[in-house]
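Positions annotated as region 'Disordered' by TrEMBL: 1-47. Annotation source TrEMBL lists compositional bias 'Basic and acidic residues' at 14-35. The feature substrate binding site is assigned by TrEMBL to Phe99, Gly100, Lys101, Tyr119, Thr120, Tyr121. Residues annotated as domain 'Fe2OG dioxygenase' in TrEMBL: 149-254. What TrEMBL lists as 2-oxoglutarate binding site is Asn156, Tyr158, His168, Asp171, His233, Arg245, Thr249, Arg251.
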Amino acid sequence: MDKFLVKRPSPGKNKQEPLEMKGGELDWMRDGGEKKRPRSQMPGADESFVHSPWKQIRAEGLNCDYKILFSKTEADKIFQELEKEVEYFEGDLTKVQVFGKWHNIPRKQVTYGDPELTYTYSGVTFAPKLWIPVLNHIRERITLATGHTFNFVLINRYKDGCDHIGEHQDDERELVPRSPIASVSFGACRDFFFRHGASRGKNASCHIEPVRLQLAHGSLLMMNYPTNVYWYHSLPTRKRVLAPRINLTFRKVMALPKQ
Ligand SMILES: O=C(O)CCC(=O)C(=O)O
Ligand SMILES: [Mn+2]
């Protein structure tokens, strides 16, 4: 991964890391039944804001930025809270259509977001569940770090290294044109690949090296325009990974008339 990385200051509009946390969003992080405590006494507060540098990931038509957004202590808490509170889709919503055939998806999935939005992905239209505190907490931290706001999140849970996501582009028609996608990961560190569209398959028109990243616990990967125009991404199987991983891709979605 280092081959593609150049260190630089924060790329967001908000160059400064956040200075305060708002009480309400953190209620789930406090011990039960206690009065509000000063920030310095809150669990994990000392380390709440990690000052990890941004790393640029650049290749032809690929523009991504990566950083550790949450300290280990906070990422552990968030992971536990996600395991407790996120309710994944069941039944027909756990299947996707590929070349006209329906398959069970090799992971668990769910969407949360503003109520008027929908999202069509691999032939299935998802209505979002309403925001819950832990998701708002993550969403606010991304906004503080990048200056971007998001109204929708797709959550994928990979129970172990057998669960995966195949090569695809995030190019759904509901996405606000040229908007970035913020991908936050918790749990097992997994390999994540970008492959240029022109270098895919037998009829590849040129050879462009794939880009391999490792998405760590508590990390944020910003996929900026035009990455998803030219590059496909995937999370391949890794048989040796035994622990679960949760990935959340925060998106800017437009309310579209029903087709
Ligand atoms: O799990 C990941 O890191 C990627 C998920 C993804 O690409 C997607 O939800 O579109
Ligand atoms: Mn994707």
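Positions of Cβ are set from backbone N, Cα and C atoms, glycine also.
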Asn156 (2-oxoglutarate binding site): tally of other CB atoms within 10 A of its CB: 21
What binding-site residues among Lys101, Tyr121, Asp171, Arg245 have a C-beta sitting less than 6 Å from any atom of ligand 1? none
Taking DSSP H, G, I as helix and E, B as strand, the domain 'Fe2OG dioxygenase' (149-254) contains 7 helix, 50 strand, 49 coil
What's the longest C-alpha separation between any two of Phe99, Gly100, Lys101, Tyr119, Thr120, Tyr121, the listed substrate-binding residues, in angstrom? 20
Here the Cα-Cα span from Lys101 (substrate binding site) to His233 (2-oxoglutarate binding site), rounded to a whole number of angstrom, reaches 22
For Phe99 (substrate binding site), just give me the three-state DSSP call. coil
In Å, rounded, how far does the Cα of Tyr119 (substrate binding site) sit from the Cα of His233 (2-oxoglutarate binding site)? 19
Of these binding-site residues, Tyr119, Tyr121, Tyr158, which scores lowest on Cβ atoms within 10 Å? Tyr121
